[in-house]
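Copied over from Swiss-Prot:
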BINDING   C135, H177, H181  Fe cation binding site
ACT_SITE  E178  active site
Amino acid sequence: MASESDRTVPDTRSASRPLADRVEELLATGGPLPIVAAGDPVLRRGAEPYDGQLGPGLLARFVEALRLTMHAAPGVGLAAPQVGVGLRIAVIEDPAPVPEEVGAVRGRVPQPFRVLVNPSYEAVGSDRAAFFEGCLSVPGWQAVVARPARVRLTALDEHGRAVDEEFTGWPARIVQHETDHLDGMLYLDRAELRSLSSNEAMALRWSQPTPERAAAALGFALPD
């Protein structure tokens with residue numbers, strides 16, 4: 001049985017308080033922000049479009065806190081709802097520390113730090129790719145998700161500049177995963193649930209570059 005943390009996490013989500021005040025209180029805790037886990041309603045609500053609610057200075061501090069939290073977790077992406085803030089803001093960064101064979105099969109290449117404000121994506125073409133993925137809000141588990149192999153992402157950056165880019169391979173998976181968070185979706189909503197595996201099982205059995213062996217053993221289909 002897991003013991004409850006004795007760290008007090010401030011309630012930053014009271015609807016009666018201005019968002020800026022709630023974020024200020026959250027940032028006052030210092031260090032990496034607490035990551036909320038599946039079962040928290042904030043992860044199931046569509047996030048509010050960002051329209052200057054935090055102001056430039058507070059936005060910059062919040063973005064830096066997201067970056068710090070993502071690195072500490074560690075992860076390759078983090079959406080604002082995952083720290084209890086229902087705004088359409090996410091950060092991504094992937095140094096791609098994987099063997100060359102794995103990187104080639106999964107299309108995993110290094111991605112610089114990026115801030116995505118009000119992002120949305122659409123599939124480009126019909127190709128789909130299926131790989132195991134995990135989530136900082138669902139710790140300890142991974143599952144296979146089939147996603148569009150190429151997507152067009154539109155968003156703003158932290159300075160309000162337009163972003164309109166196509167992503168392929170693992171970067172496409174990251175931007176889809178984080179944008180889904182902003183729409184109240186978890187990766188498990190799109191996953192092949194027969195593939196659900198603990199991190200221990202992943203390390204022991206399913207560390208291959210593709211999930212083909214897992215599909216055969218666990219009884220689930222992969223896209224053609």
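Including glycine, each Cβ sits where the backbone N, Cα and C put it.
Known features from Swiss-Prot, placed on the structure.
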| residue | record | Cβ contacts under 8 Å, 6 or more apart |
| --- | --- | --- |
| C135 | Fe cation binding site | A38, H177, L186, Y187, L188 |
| E178 | active site | G77, L78, A79, A90, V91, I92, L116, P119 |
| H181 | Fe cation binding site | L43, A47, A79, P81, Q82, A90, S137 |
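Counting every protein chain shown, the Cβ of H177 (Fe cation binding site) has 24 other Cβ atoms within 10 Å. Excluding C135, H177, H181 themselves, the residues of that chain whose CB lies within 8 A of the CB mean position for the Fe cation site are, in sequence, G77, A79, Q82, L136, S137, E178, D180, M185, L186, Y187.
In the three-state DSSP scheme, the residue listed as 'active site' falls into the helix class.
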